[in-house]
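See below for the structure under consideration.
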Amino acid sequence: MRRKRIISSLLLACCLTVLSPSAKMVNANSTNPKTIAPKKTTDISAKQPEIVGKSAITVDFETGEIIYAKDIDTKRYPASITKLITGLVFAEHKQKNDEIPYTEDCLKQPEESLAKNYPGKIKVGETMNADDVMKTLLLFSANDAATMMADSVAGSSAKFSELMNKKAKELGLKSTHFVTPNGLHDNNHYTTAYDLSILSKAAFHNDWVRETMGTKDATVTLAGKFPLPMTNRNKNLGKDGCIGGKTGLTTPAGRCLTAIYEKNGRKIIGVVLKSEYGADDTQVFKDMNKIIDWSFAQQRSVYAEKGQIIETVKATYKPLKFFGPTKTIDVPIKLNENVEYYANYVNNKETTFSLSDTSTNAWDLAKNSDSLKVKVSERTYSKTYAATADITKGMLIKANLGLYAGAAIAVIVIVFLIMTIIKLIGSNKRRRRRKKSIF
């Protein structure tokens, strides 16, 4: 009896082993990000407003989503928008009440400047309050105010430019290089609309810079004795939600403007480069109003639809736990919801889809088919969406019915052979017992 029980147990184990599918977990990192063509419903160029500026961008301040895009990565001259990073570096090294000296290099700077526009009001060696220097830089856009900052922080404009470029690198401005603190033209002094959107956000995050570039009118004191009223050159400031910004102008750069707007609790950054000055200096401000108004009104479009296949994973499995070949199956990954975005040429080109870490075992994918995640990434924004593996255990079993039938037949044969062996063993035992009883 004991031998029969042992043989029966072995038989049961054999059957379970042969007929049980493998569920071994094999973790795999996400495949390389995939680029998928968007669902195009309208012509993007027809939707975007036309402006005179050669490069322009709008960006959601909080999320980093690019809303409007026109030639955003072409290198252009920033002119006096440069003074944003000058003010930012200065704010990180000085306090508002520090006294800042007026140097020989300051005196050499062209208009717009304190010395040239207001002759005799400040002399070399005299000082100004640091907060007044900041206002002179960002409201009046004085070239010599930028030099005052550079000389006081680094000893010279050349050394200060090293700090400017270091800061630019920290901020991730990959297509920017600064030579002067005031933005006067130099062929090696350049940036892009996209980089300036990043700089504008960083400048706005600095309390001192934000407060100053959002000031419409102020009075500063030159050399401790000459009060000087000044008005911010940003004509849009205080209108239609504009809460800060910086202008720029040189002949090679054209008219430039960066600005930040806030409406109904939402902020949008706008940058316009190489626009026109015109007869009344209004064009760049009109350009900005167009792209800002349009951006606030924009709704996200559907990039990829619910149910759309965004990737196909090659999964492996063994129909039988230890026997049979390892099989490969293509498993489509489908979105559980619509993916939405702001339609523009940058997002159309750069949006990628990445499947989160998951198993490459088909049985495991079938078991957890609804738990997948897909990361959708734009240049500076990403969001995770739910996805499903289009596979079930029933699909795998159906695909291997022939193999399972063969395995079942094999088990039946094995059972028959084992039972036959057991029967023969029993017969031999009875025969030996009969012989013993005879003798």
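The backbone N, Cα and C atoms fix where each Cβ goes, glycine too.
All annotation found in TrEMBL is predicted automatically rather than curated by experts.
Note that the structure is a prediction, hence the values are computed from the model and not measured.
Noted in TrEMBL for the protein shown:
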- Ser80: active site, acyl-ester intermediate (ACT_SITE)
- Lys83: active site, proton acceptor (ACT_SITE)
- Ser141: active site (ACT_SITE)
- Lys246: substrate binding site (BINDING)
- 45-274: domain 'Peptidase S11 D-alanyl-D-alanine carboxypeptidase A N-terminal' (DOMAIN)
- 1-23: signal peptide (SIGNAL)
- 401-426: transmembrane segment (TRANSMEM)
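Structure with TrEMBL features highlighted.
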residue: Ser80; record: active site, acyl-ester intermediate; DSSP (3 states): helix
residue: Ser141; record: active site; DSSP (3 states): coil
residue: Lys246; record: substrate binding site; DSSP (3 states): strand
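Here Ser141 (active site) comes close to Ser80, Lys83, Glu112, Arg233, Lys246, Thr247: these same-chain residues lie at least six apart in sequence, with C-beta atoms under 8 angstroms from its C-beta.
Confidence for the domain 'Peptidase S11 D-alanyl-D-alanine carboxypeptidase A N-terminal' (45-274), expressed as mean pLDDT, is 98. There are 30 other CB atoms within 10 A of the CB of Lys246 (substrate binding site), with all protein chains counted.
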